[in-house]
């Protein structure tokens, strides 16, 4: 065993063992935290549909490619990581054997070409991301930037780490060309180019450079792993899982039923201890908590939200970020690592005026101790609420955020569940809804109009009964209905019954 090989083994395997231990500990902690959520129903049905969705949205990047330039940049970056996995297999093999190659395919020029091509594509991708961020800087464009409120520092750090992966890669490959240990020929065009650039260093210089660059290449990857496991870029690992367990039908389908213990509540005989909706962060399902951890802060949902674009305080992205930050702050109490203070013991201790998100409900209270654990999930600034009522009730439930989200986060379901708790458990809702609820209770429609009786002998009563029956069926399926056209006419004059519309009587969505 040569000195170079011994150094590679000791340093490379030592770094891997230390970082691997920390990474496994973090993964186990995240798993326990996510699974501390409530059960969620109907997340493993329709296996065929879920497999196809995984192929289309993860490997095909279907949603990301709706935005052509950033979509293409992300497509090549994502596939670059898949292809560069073979590079790291080779890197660990080089720790043991200077001329290591992957069995069977390890000498194919096609593989060398793919590795160099995607290394180039990844570099161009991160340059594209940098330009996009510089052209839509939140400090300059304010709410007009989709990155408004995102952790921009963390994004720049990740781009820098990917750049480190690329430059250490070309140094390893270029020096390997000059040392005669690269298993690929002319197909590895980038490696050959850097081999020519590094040739003046001579044989000894290239040997030393290959060892140093190899250890740096592995070290950068390990540092990248730790950063990802402690940042918003968890989506690299969690997005495929989140897509598999997405709601079916998708975000434009009907609202999910109110559940308790993972099963829809029977309102004819509800459990005595059932809570309707989500009133605390621990009331969310494990899928909701997976959503919080998966958010990339890309801002696509925010850019398409009609409430945000008309000056309302609601940003779907900031709602998920606030829930995630509160969830993380409360994690030690959810996992039993710390004893929470008395419930409801929140005392306002000042507001985070310098927090990165001016509208952030989480940022109203600094720190991550008991003062975070006892905060109300929904409440005003004076109450220390994580989600402001004005934010909660600005949502029009159009589903644009869910449709745009590349990792299938279910913003609308979380917002509606928090609303349900506020209405059904706390009786807290905007005063404008008081009349609506009263009319629904007394008259069966939001306008409070009495159904008009059809003239004797007309066909209207039959039609109305048919429409009403169909409407009741749809209402049962979704806890609501999309219209009352046949029950509360806007005029007292006789008129023809409206023609049935197939879309009107389906569960709204």
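Including glycine, each Cβ sits where the backbone N, Cα and C put it.
Of the candidate ranges 208-229, 230-251, 252-273, TrEMBL annotates residues 208-229 with the feature transmembrane segment. Between the stretches 50-71, 72-93, 182-203, TrEMBL puts its transmembrane segment entry on 72-93. It is 153-172, from the ranges 153-172, 293-312, that TrEMBL records as transmembrane segment.
Of the recorded ranges 6-24, 72-93, 113-132, 208-229, the transmembrane segment (153-172) has the largest number of C-beta contacts under 8 angstroms with 208-229. Using a Cβ-Cβ cut-off under 8 Å and counting only residues 6 or more beyond its ends in the same chain, the transmembrane segment (113-132) has close neighbours at 69-70, 73-74, 76-77, 79-81, 83-84, 86-87, 155, 159, 162-163, 165-166, 169-170, 173, 184, 187-191. Counting residue by residue with DSSP, the domain '4Fe-4S ferredoxin-type' (383-415) contains 14 helix, 1 strand, 18 coil.
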